[in-house]
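For reference, Swiss-Prot has these:
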- 1-60: signal peptide (SIGNAL)
- 61-891: topological domain 'Extracellular' (TOPO_DOM)
- 64-210: domain 'Cadherin 1' (DOMAIN)
- 135: N-linked glycosylation site (CARBOHYD)
- 322-536: domain 'Cadherin 3' (DOMAIN)
- 327: N-linked glycosylation site (CARBOHYD)
- 333: N-linked glycosylation site (CARBOHYD)
- 537-640: domain 'Cadherin 4' (DOMAIN)
- 641-743: domain 'Cadherin 5' (DOMAIN)
- 681: N-linked glycosylation site (CARBOHYD)
- 749: N-linked glycosylation site (CARBOHYD)
- 804: N-linked glycosylation site (CARBOHYD)
- 845: N-linked glycosylation site (CARBOHYD)
- 850: N-linked glycosylation site (CARBOHYD)
- 892-912: transmembrane segment (TRANSMEM)
- 913-952: topological domain 'Cytoplasmic' (TOPO_DOM)
């Protein structure tokens, strides 16, 4: 089958194509024949099968039942191609009804004019919601209804829900999720019933989620190290496979716990809490952390919940008395039921493990037990009978505090009975503040001098002077109330703070002049007020996170305390108005997360406020500042300022001179943004300074050897792994006038050319041909004759632009002989033009009869006066008038021409041959030799290698 892409580059592929089932009415010659052994063994079964299905199958003799399986990702947009039934069933367009003939002879069936194929779903059902079928082409596409695998399969509980021609099927033991369709291929001639199965592949579009936001786990305090406890309510992820929950972790282990994950045979992962240290409930009874579930998608998605680990109590503590002995005084006239003392033991355990009962020791006499009643629950000792005259004055009460499974704690109470012959003073309170069961309730921050109660002091005997004072510590004062001498007012002396001390116990003591006194205990309970705002542990919360973080990445857990109690001390957390929208803060747990990927190059630092608000009325709040720094990752390649660079450099530029700066930047920071430059090609010629980006040439560059260079420069950053980019650099060499013209013809100062006396004025005689390796004006050449030698050398002139030498005047009898022209070839270079010279030898005669004579003349040093006249090149051609000569030379010339016509024709033939020979010499690749004349002119002989001048 063919793979098909989609708009999000998700593979949609038909993974299998089952062959058509065998039909008994098809041509047996084209069927696969089983082996003889198999056919003999299964012959009865095959025969029975023929008898049963043959009649039904023959009703549609050419039908074929076929099954196709495709797969695609969930969440694809509308119009994504799933598969082509016509292609995958190998059905040709406009095929005939006989499929065997169609497949074997398509050219024969195409001409029969059979009706075209058509495809249709067996019935409507749910197919229109998820897929569309093209009735002509047989192409299946996704519809506008987006396919959600979790909604299709997980909601079905692993079964199948059929609706017409479409159904959804899933297996609870696997990750398969199938969309089933029945497709009919018509017309009847090649009818097929096709079962199409579309496997819906899962993508990571769901984050793990815990069923509850707060999970509680109870661990006995005597649990040994490595104890494992399963955490109930594990996270649920509707995705399957690697996209499901893969692992768990704790945000804060407290050094006491860790997590392990176990996978059962069904692939379900359960987190286990493992005890890593010794626990003591009495030291710390609770640990709070954040449990995070993470799936295996890319990028992974996270879910979190608050994990509260409670330490359950065991009976590892016994009751304990703070004191070993107490001393109590009882007046002899005390009434029955008067409290004598209270014993109280402490057990640090909880619940039934801390249940304490009090009892007398067996050493306590029964008479004492009858006199003093001990409450076994509260430990209160009361006078149970009236004190008689014969009662002992001192009683020793040995009291036991009993705990479950413990040795009793022991305390001794020594009770001294004071015989009284008169009645003690009386203290009668009248409460102003709210009082319930002997406890006075005051609001904190009540103003100074807040009245609490009036106390009236009475002397039953009426004959003693009674004094009164306040016993105990606290911001209270007991002062006489002025209008009445025997009344006192209890009031506050300064504002009280619940958070400093919430409970006070004081006593009003009255005594008479005989030394007898009585106490009245006053208990004061402060009521908390919302007078404290939450306080962050740090006013500035500095955080860091690497860029390109996963979505919903954890940043920190905010924590603020409130000294108030109850709801007034419960703190909620909120983002400030200046916080970007992609930051989120859990109001209950204080967990701060970022929902999107951060890019350091877009923004490196974030600074915003967070609020901690209590639940008091009115609520109080405090503000902290979050300073988040995004750490850099090497996610940006170096970037050149220009796509490519071009530099113009004069030739002969000195080695290691500065050609130009290659500017490159890297948006990353630190080492990730450090860029090193290097030349990838021609590094033997060029080098680049990494620090400055300066490009230099190691050697001097000659334009005539190479006019331009193309370099590739690579920029590599210092990240791990390193990122790089390249750019193209073009270096164009600018020409300077460093090459004089090179004379190619004539090739030697010793060569000569025969000029016939019959040559007409204005006729070309020869030429000087030179080239210059420079360019532009440096290569524009001008020709001039700067020296002449011969009978009448001024008879010849040279074209300053072309170098053509022509005869100016008709040759006379006196002009016979050797004419020597010193030609200067100059360029137009700036600032100093360069030049070369060449000697042009012209021998005027009818024939060359003695070459040795001519060569001897050429070997003599000519005495030539140098003319310093510069050649003038004009755009328009110039013409010189040929001055009229005397009649005699003209007549002689005409006579010679008329008498020597044959000689003239012969001379012209020789001239033509010489011209062809010159062209041949120009094309020769031998060494070109320029031989200057010796003599007064300071010339030298130079040899040059042949130069290709085809472009001149």
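Backbone N, Cα and C define each Cβ position, glycine as well.
Structure with Swiss-Prot features highlighted.
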residue	record	contacts (Cβ under 8 Å, 6+ apart)
135	N-linked glycosylation site	118, 119, 120
327	N-linked glycosylation site	413, 414, 416
681	N-linked glycosylation site	711, 712
804	N-linked glycosylation site	764, 767, 798
845	N-linked glycosylation site	754, 755, 756, 757, 816, 817
850	N-linked glycosylation site	none
Least surrounded among the glycosylation sites, given as 333, 749, when other CB atoms within 10 Å are counted: 333
Three-class DSSP secondary structure - residue 845 (N-linked glycosylation site): coil
In three-state DSSP terms, the structure that residue 135 (N-linked glycosylation site) belongs to: coil
Counts by DSSP class (helix H/G/I, strand E/B, coil) across the domain 'Cadherin 5' (641-743): 4 helix, 48 strand, 51 coil
Between residue 333 (N-linked glycosylation site) and residue 749 (N-linked glycosylation site): CA-CA distance (Å): 163
Segment-level pLDDT (mean, integer) for the domain 'Cadherin 5' (641-743): 91
Three-state secondary structure, residue 327 (N-linked glycosylation site) (per DSSP): strand
DSSP state at residue 804 (N-linked glycosylation site), helix/strand/coil: strand
